[in-house]
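Undergrad: Quick one: the structure is below, questions incoming.
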Amino acid sequence: MEIFDILVSASFWAAVLRIASPLIFATMGELICERAGVLNLGIEGIMVFGAFAGWMAVYAGLGLWPGVLVAFASGALFGLAHATLTVPFGLSQHVVGLGVTLLATSSAYYAYRLALPEVTSPPRIEPFQPLDIPVLSDIPFLGEAIFSQTALTYLAFATVLIVALVLYRTPLGLALRAAGENPSAVEAQGLSVTAIRMGAVMVGSGLMAVGGAFLTMSAFSSFFFEMVNGRGWICIALVVFGAWMPGKALLGALLFAAFDALQIRMQQTPLGAEIPYQVFLMVPYVLSILALVLMSRRAEVPAALMVPYNRGER
Amino acid sequence: MGAREVVLRLEGITKRFGKLTANDDVGFALHRGEVLALLGENGAGKTTLMNILFGHYTADAGTVEVFGQALPPGAPGAALAAGVGMVHQHFTLAGNMTVLENILLGTRPLLAPGLGRAAARARVEQLSRDFGLAVHPDAKVKTLSVGERQRVEILKALYRDARILILDEPTAVLTPQESDALFETLKKAVAQGLSIIFISHKLHEVTAVSDRVIVLRHGRVVGEVATDQTDRHRIAEMMVGAEVALPHPALGTPGAALMELRDVSTPPEGNRTGLRRVTLSLKAGQITGLAGVSGNGQGALADLVSGLIAPDSGELRVAGQTVAGWSPRAALAAGVGRIPEDRHATGSIADFTLTENAVLEGYARPPFSRAGWMDWTRARAHAEGIIEKYDVRCPGPEARIRLLSGGNMQKLILGRALEAGPKIILANQPVRGLDIGALTYVQECLIAARDAGAAVLLISEDLDEIRALSDVIHVMSEGRLSPEFPRGSKTPAELGQWMAGQGFSDAA
């Protein structure tokens with residue numbers, strides 16, 4: 001059976017981690033925003049801009065890590081725009097988020113055209129290379145599947161750990177979660193809901209941009225239009241799937257990536273010759289919707305998600 | 001008392017919301033180790049004043065001094081740092097977080113590396129013991145009872161070394177036993193040198209726990225007395241500006257049965273009791289009182305009368321006709337006026353204006369709409385009429401209803417129900433949380449509606465209220481309904497036995 005052969009191959013699992021990485025970054029970013037009470041629908045556009053900014057920075061001569069920082073900073077900047085409109089001004093988070101997505105996407109395409117007016121195929125950069133972890137990468141199967149990834153993939157998993165630690169083990173995380181649950185409780189303790197929410201949206205947006213940058217700096221080596229291709233929207237679903245908890249959201253990202261990696265390989269089997277390839281493309285989304293429905297029924301939504309906070313109002 | 005240290009001083013506090021002056025030149029002092037009661041009707045400005053003191057609102061004029069230091073206006077952090085802790089009427093807790101997390105929020109610098117849970121838990125447990133505030137530190141707040149949540153709020157203040165505690169209507173949401181436990185806690189706090197401001201409108205509590213009483217009316221201080229120099233009667237007079245008389249209505253003359261339930265049962269929903277073969281007749285010109293411990297099927301009966309649920313078995317007759325297809329709209333069409341139990345959740349829409357809330361039940365019919373178009377001029381005029389007639393204190397018909405105090409919100413809901421000319425009135429806990437003035441007014445309105453020929457179903461957990469107002473009384477227990485008792489035919493002790501489930505023919 002082909003599926004079995006696929007599932008026992010180390011290269012399949014390596015692909016799962018690779019496909020999951022951008023989703024993990026962006027999902028953690030969205031999770032931080034939503035835990036603080038702000039739905040950030042700018043995610044799709046911010047990922048596009050991050051993909052462009054990181055790649056462009058390296059193409060312009062910066063190193064790979066400075067490129068990641070540039071991507072993060074560009075995301076944080078769009079986050080600042082989003083947060084300014086949604087937090088102190090209290091505008092609709094849906095409208096602002098979609099606006100930011102449109103703005104960031106078109107800014108990326110516009111900047112691309114300005115920077116490279118004459119090219120027909122985008123130039124390549126030297127992307128992150130797989131980094132074999134000493135000793136661990138020599139373990140049969142696991143070594144190839146897990147410990148021969150690029151540095152950014154390792155960073156994605158580290159990000160989950162850091163986000164979880166900050167959320168649950170620090171005063172900052174406590175204040176951030178409380179801002180998403182009951183902002184008056186935060187204000188009553190003399191903390192600024194505005195500062196906490198804006199900070200969360202900026203850092204979260206930075207992570208989304210790094211997720212986008214993974215595509216141009218690790219998965220591929222150049223920037224294409226449409227390359228983010230709805231991953232941002234998937235990440236919003238993954239946050240719900242994960243019930244707003246970093247560990248579960250990571251699980252969701254891996255699950256989606258596994259379906260995605262599986263359908264790519266299924267297309268190359270004899271079965272793939274009989275069924276239109278679009279059906280395979282559809283599979284991860286359909287299964288994600290099903291999993292979302294099953295998993296999120298008992299989820300605890302942050303109580304103040306999408307509720308703007310105005311001081312002095314009852 | 002004169003030589004005692006002043007820990008808090010308010011001077012010349014004035015605050016306006018639109019046309020409404022919530023506080024007008026208010027000033028007083030709080031001494032060390034004192035319980036100061038702040039009394040006033042709903043809308044007298046108590047809550048506003050405390051929000052100013054605590055920095056949630058910025059006063060238009062006036063100063064706040066804590067331990068001799070002036071507080072900067074509009075800075076909640078400053079009041080906290082100065083040792084003022086507030087337990088709000090609406091708790092500021094995050095339900096999805098644990099007790100300990102709620103207490104810890106804001107107690108450490110944001111960028112500190114850890115939460116120090118172990119040390120914090122030990123300290124919380126110590127405070128729990130010292131002040132008699134039993135609550136589990138790792139329980140999620142949403143799983144706690146209202147009384148336990150209040151303890152968390154008090155623990156929050158104590159954990160921050162508050163020397164002044166402000167409690168805003170702390171007993172409004174508590175059972176009598178929980179209130180007694182709270183008073184014990186307050187005594188312990190005062191014995192340790194804390195000072196307390198106790199906001200309430202329940203006179204017996206005020207006289208029981210306070211050393212001094214300050215009375216606010218229409219945003220002004222109208223009286224200040226030492227509690228042992230006065231009595232409830234005089235305080236009540238100061239609050240409402242006139243002597244209070246509890247209603248002693250004459251018995252009504254019952255007419256035709258307007259709504260009849262015959263052997264009606266409804267299934268239980270979740271942990272809510274359903275009805276078990278309930279037979280009930282609501283007659284014109286009669287107040288039918290429903291006594292019982294909360295959660296014994298009153299909710300299901302109220303929902304049935306208001307059309308939210310239909311009978312599962314049995315017969316429902318309205319005006320002599322058997323009803324099929326019972327629904328909220330059918331209930332409205334049949335002339336059921338509804339005063340729901342929870343005025344926030346089901347009685348009003350918080351972010352709608354008073355005008356919109358005033359026509360929530362009648363919007364689909366003339367005069368408020370014609371051919372599918374709203375007539376806002378008439379709706380506004382209707383709202384203004386209710387505001388005027390029922391003395392709803394508010395900035396105006398275009399204000400959002402969430403800005404109103406509970407009593408004023410209730411008056412609007414009452415006006416909405418009564419102005420529609422209902423034949424059957426469902427009054428579910430109509431005076432819960434109301435002050436004397438509003439309470440008496442609501443009760444008088446119900447009696448007047450009865451005298452005008454309406455059938456009133458009064459549901460209340462307050463047996464005194466049931467016994468004073470009802471022409472006939474039923475008791476509910478575990479979804480069953482007792483026979484009808486005429487007013488005065490049963491002592492409170494006898495009704496209590498029925499409430500405990502004794503006397504029903506079908507033993508559970």
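Heads up, residue numbers simply count up from 1 along the chain you see.
Just so it is clear, glycine is given a Cβ too, placed from its N, Cα and C backbone atoms.
A TrEMBL annotation is a machine prediction, not a hand-curated record.
Quantities reported herein were computed from a predicted structural model and do not represent experimental measurements.
Annotations for this protein, taken from TrEMBL, read as follows:
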type: TRANSMEM; residues: A:6-26; note: transmembrane segment
type: TRANSMEM; residues: A:38-58; note: transmembrane segment
type: TRANSMEM; residues: A:64-83; note: transmembrane segment
type: TRANSMEM; residues: A:95-112; note: transmembrane segment
type: TRANSMEM; residues: A:146-168; note: transmembrane segment
type: TRANSMEM; residues: A:200-225; note: transmembrane segment
type: TRANSMEM; residues: A:231-259; note: transmembrane segment
type: TRANSMEM; residues: A:279-296; note: transmembrane segment
Undergrad: Considering only Cβ pairs within less than 8 angstroms, which of the stretches A:6-26, A:64-83, A:95-112, A:146-168 has the most against the transmembrane segment (A:38-58)?
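TA: Of the candidates A:6-26, A:64-83, A:95-112, A:146-168, A:95-112 scores highest.
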Undergrad: How about the transmembrane segment (A:231-259) and the transmembrane segment (A:64-83): do they have 3 or more C-beta pairs under 8 A, pairs 6 or more apart in sequence?
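TA: Between the transmembrane segment (A:64-83) and the transmembrane segment (A:231-259), which are separate recorded stretches, there is no contact, as judged by 3 or more close Cβ pairs.
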Undergrad: Residue list, the transmembrane segment (A:200-225) vs rest of chain: Cβ under 8 Å, 6 or more residues beyond ends.
TA: 18, 21-33, 35-36, 38, 40, 42-43, 46-56, 58, 64, 67-68, 71-76, 78-80, 82-83, 86-87, 109, 112, 122-128, 150, 152-153, 156, 159, 176, 179, 231-232, 235
Undergrad: Go through the chain and flag residues at least 6 beyond the ends of the transmembrane segment (A:279-296) whose CB is under 8 A from any CB in it; none is fine as an answer.
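TA: 234, 237, 240-241, 243, 248, 252, 255-256, 259-260, 262-264, 266-267, 272.
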